[in-house]
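**Q** Encoded as structure tokens, here's the structure I'll be asking about.
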Amino acid sequence: MQGLSFTSTAATFFLVLCLQLGINEGQDNETIPQPLLFQLNVPSTPDENQEVDMSLTLQTQYKECLVVKAYLISNTPVDGGFNYIQTRCICNDHPTTLYWTFVVTQTLTFRIMVDIVKDKGICPNNVAVVPISGNRYFTDRTVYVN
């Protein structure tokens with residue numbers, strides 16, 4: 001009986017060792033897809049009282065679609081299109097571009113916020129995912145007025 005116990009213990013140890021090595025190797029070689037990729041176009045030096053056109057292209061490396069809500073925030077009040085909140089469905093085979101138009105009266109620092117949300121009625125058949133790792137992305141920009 002003792003020989004059988006030693007054999008099963010050795011076999012179990014060998015199996016666990018092989019599985020552990022296989023899992024570690026698989027994780028090291030795999031690249032993690034990014035939930036959101038940004039491409040932002042903002043004029044850097046418009047004239048005072050000039051209308052600024054800003055665009056933000058969003059895409060995902062996920063196989064599934066995401067529902068995103070994008071908006072701008074600033075400590076300086078800005079009227080017009082600056083305050084629009086835009087909600088879209090982003091899929092890996094279809095990047096989406098969002099646009100904002102607003103007038104700058106002074107140098108303006110603002111934040112572009114993109115939240116991955118669970119809103120229904122945006123993606124086809126309401127099929128979309130929210131990543132566990134994080135659902136809020138942002139970047140800061142400054143527009144310097146001449």
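Cβ atoms here come from the backbone N, Cα and C positions, even for glycine.
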**Q** If you have Swiss-Prot open, could you say which of Cys18, Cys89 makes the disulfide with Cys123?
**A** Cys89
**Q** Going by Swiss-Prot, tell me which one of Cys18, Cys65 is disulfide-bonded to Cys91.
**A** Cys65
**Q** In three-state terms from DSSP, label Cys123 (disulfide bond) for me.
**A** coil
